[in-house]
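Per Swiss-Prot, N-acetylalanine is recorded for Ala2. Marked as phosphoserine by Swiss-Prot: Ser827. Residues annotated as repeat 'HEAT 7' in Swiss-Prot: 254-289. Summarising the annotation, Swiss-Prot assigns repeat 'HEAT 8' to 298-350 and lists similarity to another entry as the type of evidence. Marked as repeat 'HEAT 11' by Swiss-Prot on the basis of similarity to another entry: 432-472. The repeat 'HEAT 13' annotation in Swiss-Prot covers 525-568 and rests on similarity to another entry. Swiss-Prot lists 570-615 with the feature repeat 'HEAT 14'. If you look up Swiss-Prot, you'll see 903-935 marked as repeat 'HEAT 20', on the strength of similarity to another entry.
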Amino acid sequence: MAAAAAEQQQFYLLLGNLLSPDNVVRKQAEETYENIPGRSKITFLLQAIRNTTAAEEARQMAAVLLRRLLSSAFDEVYPALPSDVQTAIKSELLMIIQMETQSSMRKKICDIAAELARNLIDEDGNNQWPEGLKFLFDSVSSQNMGLREAALHIFWNFPGIFGNQQQHYLDVIKRMLVQCMQDQEHPSIRTLSARATAAFILANEHNVALFKHFADLLPGFLQAVNDSCYQNDDSVLKSLVEIADTVPKYLRPHLEATLQLSLKLCGDTNLNNMQRQLALEVIVTLSETAAAMLRKHTSLIAQTIPQMLAMMVDLEEDEDWANADELEDDDFDSNAVAGESALDRMACGLGGKLVLPMIKEHIMQMLQNPDWKYRHAGLMALSAIGEGCHQQMEGILNEIVNFVLLFLQDPHPRVRYAACNAVGQMATDFAPGFQKKFHEKVIAALLQTMEDQGNQRVQAHAAAALINFTEDCPKSLLIPYLDNLVKHLHSIMVLKLQELIQKGTKLVLEQVVTSIASVADTAEEKFVPYYDLFMPSLKHIVENAVQKELRLLRGKTIECISLIGLAVGKEKFMQDASDVMQLLLKTQTDFNDMEDDDPQISYMISAWARMCKILGKEFQQYLPVVMGPLMKTASIKPEVALLDTQDMENMSDDDGWEFVNLGDQQSFGIKTAGLEEKSTACQMLVCYAKELKEGFVEYTEQVVKLMVPLLKFYFHDGVRVAAAESMPLLLECARVRGPEYLTQMWHFMCDALIKAIGTEPDSDVLSEIMHSFAKCIEVMGDGCLNNEHFEELGGILKAKLEEHFKNQELRQVKRQDEDYDEQVEESLQDEDDNDVYILTKVSDILHSIFSSYKEKVLPWFEQLLPLIVNLICPQRPWPDRQWGLCIFDDIVEHCSPASFKYAEYFISPMLQYVCDNSPEVRQAAAYGLGVMAQFGGDNYRPFCTDALPLLVRVIQAPEAKTKENVNATENCISAVGKIMKFKPDCVNVEEVLPHWLSWLPLHEDKEEAVQTFSYLCDLIESNHPIVLGPNNTNLPKIFSIIAEGEMHEAIKHEDPCAKRLANVVRQVQTSGGLWTECIAQLSPEQQAAIQELLNSA
């Protein structure tokens, strides 16, 4: 007994040390605690919690640790305990709750009870702790306030506590919550019951019937939101935000009341900023999660907009603002930033059709207000709505731009800053149309604003706007301004370099350096004349800006030098290449001493990749220096944590952590520092593999070992995309090592790629992974997949196709929804486009398999056949039919004559669809008919005969050569050529040939153009009388066809066909008069094209 007491005493000391501010003491205590066996931990912790004479901090710590133990290690600890100990723990907990007098301590013990209850629901949903439920029912109707709070707290923490009995108890649960929410005497009971109601609704987010059953709790819930806010408690308001985010449909019966309450709270300046912003968050969240439902309440939306704008006016005077040299991060808790962000999100959520007419007048009035804060807010509001109101603003862009440019000359520097912001944002949101329409006005106005020497924040922001403008500016538009741009940028750079030396200020210089880089990047080789003006100063900055506070300037200058080098090309850059490489290498050797958040790192990594593009194979010599740090950055492992909600609340202010709510009181946290750098590093590895090819072979093994696991790096999409992109490129690099090494590498990546196709949650990333997998199969060829691979891949592709059809059905259901409107249709169209894009990637994978394996793969394909047949049914949308046909085209092209086995499924649709309304479908059908003639074997002969009149009808249709139809038409012309070439006895070639010649040349579809020119060469070389005409009278027409083909770049000089065409021309050249006659009938451009062909082929 004494020994146990002594141990318990030791444990109290340990709890004290776990709370110690001394890191060494605390670390040691954590290690000691970790080594205590689980059963002993439970005993010690319970004893400490029960001991009311122990220090309050120690008891609270013990409660937190016991909850964590049950949360993270229940299966290792609890089931191993003897059943009497388990029973004792359960009854002990309930007893302690009843005895506890301290409210905060009681909550912590309730958290333990809830955690235990969560783990005591078995797989069938049976609650293995009936006493816990009885305690809940007894306590909730107790006269003891503490016990009622305890019951509600447990239910809030674990609303699934009733397990499979929930339906049975539903009315009881409802009565319990209603009763507590009507408790007028005890505000804390009302608050807790409202939070518990929200938790219960959220825990049943897919149970629409339950929403209806609990709808009459909403008015009481909203009342609790209101009351708690005025008691300085925003917990119920936060619950309302969660409902708006996850189950907005629950709010539908009382949506107007919800919006009115949110508006009232948002506009009440007696509440603190956080509460007002949360109230606004309810409305903004609904605009994202239930836009169609919200759009019906236009008058309330119209009232919300002035509230957001009023928040944006909530700015403070700051005398040091204009010349601050450090860009402080926006104060994200400020009303101004919250209002701007809300406006941006709401415009995107509800759409410009609704928002722009409501906001336009408000903004115009603000811009005419004598108080600078209103003008600032009006301009920032214009910046914020550009993305959401894109379509509607485009129509009035001229008037907006003219108006905004006036404010670049506003008397107040912060208004000028906001005007720069608006110009920069519009340059991005409306590119490249914005640049095409307003280049003259905008460039002149920004250059003038950059001369504002007394206000460097304004100068820097004007330079930032110029960067946005030039990044998306077509090269041809920028060239006429180059002289003027360069003159301004150079004079400002010289001035700011002097200021850096004299005063140490750098803000404007950082932006100007990036502006120079952006101009060079767009101007490309046209920047050559200005190269020598900038390069010495830029090198000087990199050499001398070594102080810590100049790291960002140095990084941006390194970026600028490498972008200029890429723009002007190797020849011009070589004079400085070796100096620049030495500067980079010197920085690289200091790389290991750099702090993880050093801004130079990502600039360095990108600069190396540009140097690689400039130097090509010569870059290989630097790889030993570059690869170490690059691999180190690409291998960054982020800090992650699985926390319950209470632990997360303690961390939410912690720097750089982001949390995802996993439900059930669990949250996943990740520290985001280093993720962007990791993504950049991975993209650079892709760049090296692409540029250096076999020169990168030494690094392929370490890179593939890094990249393959990153296909599952769910913390950053860009990392997974780079990992996928790298796979086929690494195989290309490894080819030089021979087949054994290549096969080993492929085996290492193949399983992971297939699994990633099955599990990738993001459609954009998924499409990249599928594309890369298809490329890999093309590299590896026949035999690269074993039976297990085929089995798994077949299942995954089948699932993707089934999902495609299911998603289409779901979209049809959404079109029947009571809130359906044209904006909903737009978002459904976007979803549809995403699905179709994945379908194109399924087609890519099947294409690579058919082209590698030929007919051997057809038995495997049969599991997918019904789904592909379904794609080409007449009632399916045109993209389905297009891609279904493409898959059958591949089967005919690569698996014939065996493909005829499936002809019953596709021949009739293929013939029917060659005359389809959709040009994309016509093109796929025409291509199929062409390959049928080329590769299909004798069984396809009658169908070639049937196809000819259909193809001719499409070619001769009045609109056949319009932009949208021309590709389909050219595929029809090519198909006619293939039928004549490969199945000449199926059609009357003599009759068709003159027509076919009159349709040439093809110039849009380059691949089909090569096929038709090749057949034309066959006919000319065999002196076909119809082609040449009597006494060669058709030769001028043939010359014209060849010249047109050359002018439209449809003749590839490296292709054997180009040589054959050039030989035809040369033969005529030797026969004097005929040559003169042919050339005389050509335009000067056509004559030049013929000469070009002769010179190069």
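Easy rule for this one: first residue shown is 1, then count along the chain.
Glycine too: its Cβ is placed from the backbone N, Cα and C atoms.
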Q. Among all the protein chains here, how many other CB atoms are within 10 A of the CB of Ser827 (phosphoserine)?
A. 14
Q.
For the repeat 'HEAT 13' (525-568), give me same-chain residues lying six or more residues beyond its boundaries with a C-beta closer than 8 angstroms to one of its C-beta atoms, as numbers and ranges.
A. 475, 479, 482, 486, 490, 493-494, 497, 500, 504, 506, 509-510, 513-514, 516-519, 576-577, 579-580, 583-584, 587, 598-600, 602-604, 606-607, 610-611, 613-614
Q: Take every residue in the repeat 'HEAT 7' (254-289), average their pLDDT values, and give the whole-number result.
A: 97
Q) Of the residues in the repeat 'HEAT 8' (298-350), how many are helix, strand and coil by DSSP? A) 34 helix, 0 strand, 19 coil
Q.
Within the repeat 'HEAT 20' (903-935), count helix residues (DSSP H, G, I), strand residues (E, B) and coil residues, in that order.
A. 28 helix, 0 strand, 5 coil
Q. Excluding the flanking five residues on each side, which residues at least 6 beyond the ends of the repeat 'HEAT 7' (254-289) place their CB within less than 8 Å of a CB in that stretch?
A. 215, 218-219, 222, 225-226, 229-230, 232, 234, 237-238, 240-241, 244-246, 248, 297, 300-301, 303-304, 307-308, 310-311, 333-335, 338-339, 342, 345-346, 348-350
Q) Near the repeat 'HEAT 20' (903-935), which residues from the same chain, at least 6 beyond its ends, have a CB less than 8 A from one of its CBs? A) 865, 869, 872, 874, 878-879, 881-883, 885-886, 888-889, 892-894, 896, 943-944, 946-947, 950-951, 953-954, 964-965, 967-968, 971-972, 974-975, 977-979, 981-983, 986, 1008, 1011
**Q.** the repeat 'HEAT 11' (432-472) - residue tally per DSSP class, helix then strand then coil
**A.** 33 helix, 0 strand, 8 coil
